[in-house]
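Database features (TrEMBL):
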DOMAIN    99-234  domain 'Fatty acid hydroxylase'
TRANSMEM  12-32  transmembrane segment
TRANSMEM  52-75  transmembrane segment
TRANSMEM  95-112  transmembrane segment
TRANSMEM  133-152  transmembrane segment
TRANSMEM  158-180  transmembrane segment
Amino acid sequence: MVFWEGYVSDELMGTFAPIVLYWVYAGFYHLLPPLEKYRLHTRKDEEKKNLVPFSAVVKGVLLQQLVQAIVALFLLTTTTNASGVIVQPSMPKQILQILIAMFVMDTWQYFVHRYMHQNKFLYRHIHSQHHRLVVPYAIGALYNHPIEGLLLDTVGGAISFLVSGMTARTAVIFFCFAVVKTVDDHCGLWLPGNIFHLLFQNNTAYHDIHHQLQGLKYNYSQPFFSIWDRLLGTYMPFNLVKRPGGGFEARLAKE
């Protein structure tokens, strides 16, 4: 039994909980004090290097989430048992389904993401929009061209859901986790005790390398593991060093 049972359907929770959580978690990062001693880039760099205003980022994210909500609601409702009676799998099976979904999502996003860098037309007209945020921040985690948002995140999420065979209730957990991880990867902060930094090599600093000019052709993997980067030669090791003026800097180990 879950806390929303009897109040909201699993299908509605699976559709809207990740969206709400995105704004709560990203908003939390946005409202934090400057925390200069934990930033991977200075505030000055963020203002100087980023090529898109904050208001445009918010509009872009909302547009992507609108498309995601439509697709998710359709997918979750059409895959529900016609009788309306859903038997939840055992906990070990749900964990296995989530792990499968993580691998499928990573696989889809790695190859689509990498191709968008390799194809000059796709990069120039579609994927470059995300890289206008040279200095990533939490609210901009899902700032993408609408076509990229559809292909990379929405279709990738749908495939992960279908291949894993998870129920709508398990999907709530998986997609909320994926959203929190994606936001954290773009938060631009190296906070002490961050569980994602402890458990995942693919983390805030790892993805920050990819947003740097020298790292554009490396560290494509997202949002969970670094498996495909390591297997296919696109992994770029890095060193996390303290910046003289305060904070940290992720530096490519090979320059």
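Heads up, residue numbers simply count up from 1 along the chain you see.
From the backbone N, Cα and C atoms, a Cβ is placed for every residue, glycine too.
No curator has checked TrEMBL annotations; they are predicted automatically.
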Residues in the domain 'Fatty acid hydroxylase' (99-234) per DSSP class, helix first, strand next, coil last, are 93 helix, 1 strand, 42 coil
To what whole number does the mean pLDDT across the domain 'Fatty acid hydroxylase' (99-234) round? 95
In the same chain, which residue numbers or ranges, 6 or more beyond the ends of the transmembrane segment (133-152), come under 8 angstroms Cβ to Cβ? 22, 25-30, 41, 45-46, 49-52, 54, 57-58, 60-61, 63-65, 67-68, 108-109, 112-113, 116, 125-127, 182-188, 207-208, 211-213
